[in-house]
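Annotated features in Swiss-Prot:
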type     : residues                                                                                  : note
BINDING  : Asp90, Ala91, Ala92, Tyr93, Asp94, Ser139, Leu140, Glu173, Arg196, Glu235, Lys360, Lys384 : NAD(+) binding site
ACT_SITE : Lys175                                                                                    : active site, N6-AMP-lysine intermediate
BINDING  : Cys481, Cys484, Cys500, Cys506                                                            : Zn(2+) binding site
REGION   : 662-691                                                                                   : region 'Disordered'
COMPBIAS : 669-682                                                                                   : compositional bias 'Polar residues'
DOMAIN   : 839-920                                                                                   : domain 'BRCT'
Amino acid sequence: MSTNEQLAWDFDDGDVAAVRPDTGIARFAPGSEQWIAALQPTDDDAIRLDRFDVNMMTAEAAARLWARVAAWVESDQIAYYIDDSPVSSDAAYDARMRCLERLEAAFPSLDNPQSPTHRVGGSFSNDFTSVRHPSRMMSLDDVFSIEELKDWYDSVIRDLDWPESKPLPMSCEVKIDGLALNLIYRNGVLEQGLTRGDGVTGEDITLNVRTIGSIPANLGGPKEDVPDFVEIRGEVFMRWDDFHTLNNEQEDAGRAPFANPRNAAAGSLRQKDPRITATRRLSFYAHGLGQLTWGPDHPRGTHDVVADQSQAYDLYTKWGVPVSPHNRAVTSFQEILDMIEYYGEHRGDIEHALDGIVVKVDDLGLQRTLGATSRAPRWAIAYKYPPEEVNTELLNITVQVGRTGRVTPVAVLKPVYVAGSTVARTTLHNGFEVKRKGILIGDTVVVRKAGDVIPELVGPVLERRKGREDQLREFVMPEFCPSCGAKLSPAKEGDKDIRCPNVESCPAQLTERVISLASRKAFDIEHLGEQSAIALTNPEENRPDSVATYAPNITEVLVAPGEEPDPYEPVEGLELPAAQKPVLSNESGLFNLTAADLRDVRVWREAAIVEVHETVGANGKKKKVRKRVGGSGLWHQVPAFWTAPTPAKKLTAKQLVERAQGEAAIESAETQGDTASETTGAPTGAEAPLGTMPGFAAASYPEYDVPADAVIVRVDHKTTRTGVTDVPVIIRPGENTRKMFDEMDKARHADLWRVLVALSIRRLGPPTARLIASAMGSLAAIENATIEDLTAIDGVGPEIAESVVNWFAATREPGDWRGATLRAWQAAGVGVDEAETSSLPQTLAGKTVVVTGSLEGYSRDSAKEAIIERGGKAAGSVSKKTDYVVIGANAGSKAAKAEELGIPMLSETQFAQLLATGTI
């Protein structure tokens with residue numbers, strides 16, 4: 001990467017990752033400069049890339065195409081592996097990856113360790129401690145046709161010089177669509193659970209792993225079968241029945257359901273609170289073996305190693321570690337095809353989402369002979385099934401407004417099951433795409449997915465239109481923003497996307513910005529998620545159009561199986577409540593919010609239709625079974641941040657004594673103070689309650705548990721055997737609300753780079769924000785920086801620099817909302833801390849170091865951080881100004897450049913010495 005080249009992962013959803021339609025690419029000669037510039041990250045253009053012969057290109061054109069496609073693949077990897085929110089279909093992603101691989105094969109200078117083709121999985125988030133894997137955790141190469149699979153099979157036979165007449169033992173197993181996990185056991189005890197991360201370093205998620213019931217805390221079986229040390233590789237996933245149960249619970253709680261089991265498993269495994277993970281019913285199957293050590297004193301002896309995959313699985317079974325039942329031993333290519341055909345027909349019948357079939361050479365010695373590339377073993381391959389296509393009805397086309405104001409049409413589909421999940425909505429990108437596909441509302445349409453990712457609406461089934469023409473209608477893009485009513489228009493001439501220009505106060509844009517600033521890559525306010533953001537910025541979302549669907553006292557509609565709900569008739573005189581004003585009209589007030597501000601915020605929820613029937617259990621007793629079958633179309637309001645009115649709990653005798661003792665101790669301490677405060681109310685320093693209703697003082701009900709932050713809203717008169725008792729009914733901030741405010745307090749002291757990301761500066765993502773924050777040191781310095789100042793920072797390109805400078809220039813305009821936000825945040829203590837300086841010795845001060853190739857002890861990012869933390873400059877390209885080049889495995893053209901310029905080249909061991917001492 002050149003000094004000022006834009007980092008691919010710094011583009012936001014309005015740039016590289018945005019999915020746009022064909023821009024007239026067919027008019028240009030394939031491989032030409034115009035053709036490359038016209039390419040867009042759409043499925044259609046991905047197909048073009050897949051069919052394109054890269055060997056006809058010049059080296060210069062190939063480099064341009066590589067950079068463009070690599071940026072899209074980088075964005076896809078970030079979205080899939082880090083955000084758990086894929087933006088492209090598997091088919092499109094795989095086509096782009098194959099294009100990169102062909103380019104790198106045809107033009108070796110493009111092949112470098114930083115290429116997405118060498119990346120194992122995705123980089124990890126910063127929520128958990130980074131830990132090095134004892135042995136590298138590889139990914140798998142994919143093939144998408146029987147021909148490609150046969151080529152791999154033949155290459156294995158050829159590389160092993162295997163006799164044609166001799167069967168080669170292999171194993172076949174289903175490829176689980178979950179998250180890779182490395183379990184580390186020492187002397188039979190689970191020591192750590194690590195995510196794959198980049199293959200060298202993963203996240204320590206041990207606490208969450210311990211909550212997964214199928215993972216044993218201690219290895220079982222005879223003592224002589226338990227090694228001193230072992231790494232067990234496998235997959236964490238969610239079974240279909242557990243996934244459906246979780247989504248029902250999500251919807252019943254008013255939370256958005258997960259799109260598919262992989263996303264559900266990922267979100268569950270990365271919870272900061274292990275108690276949440278424990279409720280998610282995750283499962284685990286082992287599928288590989290890492291480092292294995294029996295130890296010198298072990299009965300088996302140090303040389304008694306596992307010989308093949310089958311023996312490893314036998315050991316796992318003895319230890320109580322689950323292995324997928326969907327595996328077979330095979331000895332011929334035809335048996336592999338039989339396995340693929342069987343699960344292709346029965347992929348919907350197994351207990352989890354299926355992502356393909358994995359084929360492995362069974363013998364571990366032969367595996368070592370075959371070796372591996374920089375990212376994947378040569379002794380294994382994953383066959384991916386082709387995309388599934390199904391037909392369904394296009395019920396409607398609505399529009400949604402994104403964070404950058406882009407207005408996107410969304411297809412509302414009759415729910416249909418495809419490739420592992422139920423699909424009810426999918427993006428159509430823009431109005432031109434709708435016209436290009438030729439779809440009409442009411443059409444029968446084709447929907448497809450490759451794996452469990454975002455679906456694509458392919459087009460209409462034209463034969464189904466016959467005789468239904470009067471039921472079809474054309475979609476027309478709106479002229480005005482559906483969220484704020486502003487006039488819509490393209491951002492610049494020639495744009496096919498239309499945008500809402502009301503950046504400051506459009507509720508939809510504001511909601512998306514709040515979601516973004518609270519995300520892990522910014523302030524990391526976990527309990528300020530999508531639903532909370534909507535409640536703060538647009539609480540009237542989903543407000544009924546009329547009283548006909550307003551049912552304030554109906555939270556669910558119970559029906560017998562197969563029955564329809566009774567028609568709803570609103571009571572006479574019922575009126576819709578007055579519309580609420582949002583608590584936040586822009587981001588500036590976020591850090592000034594108090595719990596009291598949120599007390600009356602209510603959001604709209606749809607009453608669920610629940611089927612109820614009785615069944616007889618194994619014990620002969622009857623029990624009621626409830627099943628959520630959909631929405632009723634009836635709406636009611638619920639508190640968004642505070643609890644519903646709840647009778648206070650009566651204290652036990654023991655609790656009353658403990659309270660009295662605590663109050664006496666406080667009173668004694670105050671009385672003995674050197675300077676007692678003369679007060680008539682609460683003692684000095686005591687936090688007053690958020691407010692109580694007149695006449696309802698908490699002190700009037702000493703026998704009840706009324707928390708300090710609670711409000712007594714009424715008093716119920718409860719009749720008991722001893723007479724009438726007054727019971728206070730309270731509301732208080734919910735647990736999630738209290739956690740949200742705690743996290744917001746921590747965010748006031750967030751790292752400077754996180755503040756920059758939270759400001760939603762166009763094109764500025766976390767990596768470049770880190771570079772700028774580290775180089776400039778303070779928000780004040782960044783505010784006053786010029787484009788030249790920023791482009792002088794290695795890794796900051798002119799487009800990003802201009803965007804940052806323009807953003808801060810706008811803050812100085814009178815009345816500008818960005819300036820108001822910045823000043824309000826600074827007044828609340830946000831962004832006033834200077835960037836932390838490293839406490840490590842500055843052994844590399846003034847030195848420029850380039851790292852190329854794969855290092856065993858460092859990921860790409862951790863190597864750069866190690867250099868920067870010691871005062872050095874981690875450059876992306878080799879020049880005369882470079883002091884050292886660290887050479888890892890599979891180093892590319894940078895090594896040749898260093899040799900040409902006579903720059904010292906270091907091994908990983910020498911790199912460690914350089915970090916420690918500054919010399920070699």
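Placement of Cβ uses the backbone N, Cα and C atoms for every residue, glycine included.
Location within the structure of each feature annotated in Swiss-Prot.
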residue: Ala92; record: NAD(+) binding site; DSSP class: helix
residue: Leu140; record: NAD(+) binding site; DSSP class: coil
residue: Lys175; record: active site, N6-AMP-lysine intermediate; DSSP class: strand
residue: Arg196; record: NAD(+) binding site; DSSP class: coil
residue: Lys360; record: NAD(+) binding site; DSSP class: strand
residue: Cys481; record: Zn(2+) binding site; DSSP class: coil
residue: Cys500; record: Zn(2+) binding site; DSSP class: coil
residue: Cys506; record: Zn(2+) binding site; DSSP class: coil
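Arg196 (NAD(+) binding site) counts 23 other C-beta atoms within 10 Å of its own C-beta, drawing on all protein chains shown. For the domain 'BRCT' (839-920), the model's pLDDT averages out at 82. Cβ neighbours within 10 Å of Asp94 (NAD(+) binding site), excluding its own Cβ and spanning all shown chains: 20.
The record gives Cys481, Cys484, Cys500, Cys506 for Zn(2+). Within 8 Å of the mean position of their Cβ atoms, the other Cβ atoms in that chain belong to Val401, Gly405, Pro482, Ser483, Gly485, Ala486, Leu488, Pro501, Asn502, Pro507, Ala508, Gln509. Taking the Cβ of the residue listed as 'active site, N6-AMP-lysine intermediate' as centre and 10 Å as the limit, one finds 24 other Cβ atoms among all the protein chains shown. When the binding-site residues Leu140, Arg196, Cys484 are ranked by how far their Cα is from the Cα of Lys175 (active site, N6-AMP-lysine intermediate), Leu140 comes first. Each residue of the domain 'BRCT' (839-920) gets a DSSP state, and the totals for helix, strand and coil are 29 helix, 16 strand, 37 coil. Considering only the binding-site residues Ala92, Leu140, Cys481, Cys500, Cys506, the Cβ with the fewest other Cβ atoms within 10 Å is that of Leu140. Spanning the listed NAD(+) site, residues Asp90, Ala91, Ala92, Tyr93, Asp94, Ser139, Leu140, Glu173, Arg196, Glu235, Lys360, Lys384 have a farthest Cα to Cα distance of 26 Å.
Neighbour density for Cys484 (Zn(2+) binding site): within 10 A of its CB lie 18 other CB atoms from the protein chains shown. Ala92 (NAD(+) binding site) sits 29 Å from Cys500 (Zn(2+) binding site), taking the Cα positions as reference.
The CA atom of Asp94 (NAD(+) binding site) is located 36 Å away from the CA atom of Cys481 (Zn(2+) binding site).
Among the listed binding-site residues, namely Asp90, Lys360, the Cβ with the most fellow Cβ atoms inside 10 Å is that of Asp90.
Of the candidate binding-site residues, Asp90, Leu140, Lys360, the one lying closest to Cys481 (Zn(2+) binding site) when CA atoms are compared is Asp90. A distance of 31 Å separates the Cα atom of Asp90 (NAD(+) binding site) from that of Cys500 (Zn(2+) binding site).
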